[in-house]
Amino acid sequence: LTEYLTKPSIRSDTKDHVPLGQRIRLACKVNIRAGVHLDMTWKVPPNLKPAVSDARVKIGPLKLKPVEDAEHREVASRELIIERATLADGGTYRCEVQDLNGHRNYHSFKLHVRDSGEDYVMLREENNLDDINVRRNANGKTAPIDIVIEYRSYPANITYYWLKDDDIEVTAGHHGKYELNHSETHVKLRINDPTVYDTGNYTVFVLAGNAEKSHRMGVYVYAQPIVHMESMFVKPNEEVSFTCRSIGFPRPDIAFAFVPCLEVPWRNCSVPTSKNAQWDRPGGKGETQIAKSRIYKITPKQPGVVYCRATNTEGSETTQADLLISDLSDSVTLEKERPKEAITVGDHVTIVCSALVYNYTKDITFVHNDKELQESDGVRLKYSPHLYAWQARLDIDNVQPEHEGPIYCRVKTIDNAVESRAFHVEVLEPMAPMLVSGKSNQSLSVDLHDPLKLECDIVGTPDPKIVWLKDGEPVQPDESSNRVQLTKTTLIFEYLKMDDLGMFECRAENKMGTIEKYWKVDVRTAVVRKSLIYIILCLFLALIVAIVLVSLFYCKKKKEVKAMKEAGIGLKYVNLSFSTNNVNVHPLQHPTAFYHNHIDSGSTQYVDPKKHLNSKGYVRHSGMQNMGMVDSCNTEVTAMTSVEELNEPYLQMNAEKMERGDTDYLANLGPPEEPAPAAPNYVNGIILPLPPKIRNDKDYLKMSRAKSESEESNFDFASFNSDRHSPTIRNNLDTSPPNGSKRHKKRGLPEEIPMLDGNRLSSTANGFNSDSETEAVSPKPRERTSKHNPEPEYMNVKNHKFVGRGPVSDELGQGVTQEAISNPGYIALSMVDEKRC
């Protein structure tokens, strides 16, 4: 190195990192004497070979620029630009300068090429420290703390900020506490005059482009504890809590000790450190990194001193707090001790001035009418060990009006300051008790359970003392109940009992005399109130009306039951079979039916339906009333209902028809304009087709056999003949002959199932079956007429348009078409549960 050449410097737009594919721009500068000729060259990696310009590498010209404010000095500079940086461009770059005399100098710069083109920030503490620990030096001072964070980023321009303990922003200033600065490679925070309160975590946040990074440093300033605790003033035998807080690092432990002050009169026994103190076990609850607190509880019987000592590795510190005890309401009090009531002429008056011994001396004086009262004026001074106070008493015998006016008590503190209190004396003329209003003797008639209020309106001077008596005994209200409330002048009963009746007395007494007031309380003669009579009468009338309505309803129901029995209809269940008995269904409408599998017959025993079959193998209607369960064994699809709203109109219509001997008025309706759709297949209330699970169930019985099924799969109901007739047959036919084989229609009764005209009945080829042995022939639609026909005919249209219904086998096994309005209840089932049927 010579005096002509100084060491050059290299500066990069992206510092020492550049993303892959970005431009590398390095500038070399050197400060030289003006007029010196030099050569500046670049060497690049690998192996520091001389840089050569090409399509990607460009070497700029040598530039000279005068230095401001420096005569005869110049700055020589040359740039090196490399486009589209590759990983091979990473390494050491060197800038060398040489003058004509052969003097040389150089500077090396290491550049890293990142394999990502995204923005980034990298941070680290310059010395790779995690924490900074600081202690005071020998002279008691602490050197400033410097937190230096080295950073690398792309882009090079950054913004940053500092936080303490994640919530307090650190800014420059704070009375010179903090200093913030940064360079091209470092961010720095300086803490001046550090104390234990500067202990904490300091975090720097650096932002470059879209990238952000943070780095945290722990700073710990070691210091001995600082302790704080306040004095407490309580009443005797009252629990008190002392809270001691300590700050230091390391966080200190806290111990307590209590020393009572036993001297009489009390004297402050607190000392900076007590040798007689017995310390408890150290502990405490941590609040922050440097703070800890602990609570000390005590129920004192005498005053004393509470000590708190905090200790850590840097030392210990002790503080103390006074525990003061007294029943006084204030540090200085001035009050009348007697008389308790108002002062009247001739009374003996005592006024007491009290001052706590903890803060005041025994220098206490009374002043009245600008005159300081002496011992001859009735002033006495003493110490009260119970109150821990100095007391001065002023006694005035036979007080007179001239004693009226303010009396002052002046007390000197232990700091020689004077405090005063005032009490105003008012002297009244005495007056014996007297009754303000009302009579002194009253009689009261009351109702039991009514409230009662007795007022003792008696006045006097001084205020008389009032006592309440009942039958000569003091009234003692029950503390557990509010029924009886007693005040000075009022006695209140929320409600009266028999025990409350008697003679009540209010006795008032003061120094001038006594007076009494009496109340005789008895029960008023019982009188029934009119309102109660009206209520009873209304209830009685309502009961009569209810009985009449129930009786009418019962009679009506009884008549209906009788009519049903005469008509042969069950009491609970009505046969609403699709036999069109008393119902002429429009062929375009599907009849609505309620299917019930369970019939409440009062018994849960299963009844075999085989015992209730007619000659055609079908279950008679009469058998349904006797069966406890109607299931798939019932081959007649019979509409059953137990709903009163459905039964009652049908029953009433049948009963009226039977009484008049009229035919069904629906028979007057003519045939429909077009046939009705096929009746749905109802099996236990389910409309087919059924799911496979139900279809394959053994309790499911098919209405008819399919063509593909064998005869063995069908149940032959015709083989189960029974001599027992259905309710319709039994009700309409005369079975009175002994042999019971002849059947004669009862006189006066119409055909109960006159679905088809009698002269058109032939065989079962038309697919119609009923309870009777007679089978219907092919029916013909009846012409519409408005003329009353005593012998009604019922239509039965053949199902020539509707083929949705499966065929039904006749007696010869040949399938026939099911007619649309023929009774679906008489369709034979294909399968029967052999175990149940």
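Cβ from N, Cα, C; glycine included.
What TrEMBL lists as compositional bias 'Polar residues' is 728-739 (among others).
Under the heading compositional bias 'Polar residues', TrEMBL lists 760-771 (among others).
If you look up TrEMBL, you'll see 780-791 marked as compositional bias 'Basic and acidic residues'.
Feature annotation from TrEMBL assigns domain 'Ig-like' to 8-112 (among others). Here the domain 'Ig-like' (8-112) is broken down by DSSP into helix, strand and coil counts: 3 helix, 61 strand, 41 coil.
The domain 'Ig-like' annotation in TrEMBL covers 225-324 (among others).
Under the heading domain 'Ig-like', TrEMBL lists 433-522 (among others).
The region 'Disordered' annotation in TrEMBL covers 702-794.
Annotation comment: TrEMBL describes 532-555 as transmembrane segment.
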Tally of DSSP helical, extended and coil residues in the domain 'Ig-like' (225-324): 0 helix, 55 strand, 45 coil
Mean of the pLDDT scores, which run from 0 to 100, over the domain 'Ig-like' (433-522): 90
For the domain 'Ig-like' (433-522), residues assigned helix / strand / coil by DSSP: 3 helix, 51 strand, 36 coil
